[in-house]
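S.K.: The transmembrane segment annotation in TrEMBL covers 42-66, 78-99, 119-140, 160-183, 222-243, 280-304, 324-343. Residues or ranges marked as domain 'G-protein coupled receptors family 1 profile' by TrEMBL: 57-340.
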Amino acid sequence: MDSSTLSAAEKPTVSTLVSVIQSAPPSGLVSDRVRSTFGVVVGYWVVFFLASLGLVTNSLTMIVFIRQGFRESVNVSLFSIAVWDQIKCLAGVIFRLHGPIGIVDPVWGVIWENGSRTYMVYLPIFAGYVSYGLATYVSIERCLSISMPFKMRFVFSSRLTAGVMVVISILIFTSFSPMFFIYNLKFVYSPHYNASIIIRTPGNLYYAQDGVILKMYKFLGIFYPAVFCPVMVASSAVIVFCLKKSAANFNKPNKGGTQTNKSNVATGEISSRDARVTKMLLVVILVYLMDFFPRLCKYTASLIEPEFFAYGRYHNLMLVMSNVIWILDFINASVNFFIFMAMSSSFQKTYYEIFSWCV
C-alpha cells in the first residue's frame, strides 16, 4: 500500500520507519543493486558535477546581465531564469555534500543526507518548475514580439517583464511550498551505525485530508508541464514560421533585381537583431521542452500506479527514473551560459570585457 493512503490509525511507528528506511525497498522491475549503483554514479557524482558547473555558469550569466543592465525585457527574463537555476544548483550541491562528509564521518554523512533531504531535494524541483514557468512566459513574449513587432515593441517593457517574473515565481513556488512541511525530522538510535541519526517521519500534514498535500504535489507535477509544454510548442512553431517568413522577405529581390532589406520597424518586419535574439531564445525554449517530457511521464505514472512512489513496489524504478530526470534538470540549469556565448555577440562581448584575461 502506498504510504500516502494510510489513515491516522495506520500511521507507522518510529521504530517501523527506521526498519523500512534502513532496509532495501521492494525491487519491482529494477534490482536493488542496479538502483544502488545507478544512484551513486548518476544520482550523486554526475549530478554533483552538473550542479557545481551550474553554480559557475549561472554566476557568470548573472554578472554579464548585471553589467549590461536591464533596459531590455529579454535581459530581465533571462536574468530571472538564471537566478532560479542558481538556486536549483546550489541546493543540489548542498544536499550532495553528504558524500564528502560521509567519507570523513559516515554517521554525520547520514545525518546530513537525511536532515537536508526534505528541503534540498524538493527545492531544486520547485525552482525548476519556476524556471519552466518563466521560460514559458519568454516563449509567449517572444512569439507575440516576433509575430507583431510593430504593435508589441513597446508593450513588453522591462518593468512589465520584471513584474510578471515576480508574480510567476511567487505563484508557482508557493503552490509547492506545503511539501516542505509534511515530514518531521527525528534523532533515532541506529544499531547499524551504533549512533543516533536523523530520520524523516511523516508528520500530521502528510496524512491531513487523506494525504491531500501529496496528491496536490503529484497533480501539480503533471498540471504545470501539461500547460507549459503546449504553450512552448505552439509559441516555438509560430516563432519558426515568422523567422522563415522574415528571411524570405529579407532575401526577396525588388523590381530592379537587387535584394532589399524590409526588416525594419516602419514596415512592421523583424529586425536582424531581433531575429538573432529570437533564435537564441528558441534554443533555450527547446532545451526546456526536452527536459519536460520525462518528468511528465514520471508524474503521470505515479498517478496511474500508486506503487510507483517512495517505498512502493516500484520504488527502485522510480529512483532510477528520478536520477535520469535529475541529469536533464541540471543540464538544463547549467547550459544557458554556453548558449548565450555561442549565439549572442553582445553577451560574448560583455563577458570578455569583464573577464579580459580570458581572451
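Glycine residues also receive a Cβ, built from the backbone N, Cα and C atoms like all the rest.
Unlike curated entries, TrEMBL annotations are predicted automatically.
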S.K.: When only pairs 6 or more apart in sequence are counted, do the transmembrane segment (78-99) and the transmembrane segment (222-243) reach 3 or more Cβ pairs under 8 Å?
M.R.: no
S.K.: When each of 42-66, 160-183, 280-304 is checked against the transmembrane segment (324-343) for Cβ pairs under 8 Å, which one has the most?
M.R.: 42-66
S.K.: Averaged over the domain 'G-protein coupled receptors family 1 profile' (57-340), what pLDDT does the predicted model reach?
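M.R.: Here the mean pLDDT over the domain 'G-protein coupled receptors family 1 profile' (57-340) amounts to 83.
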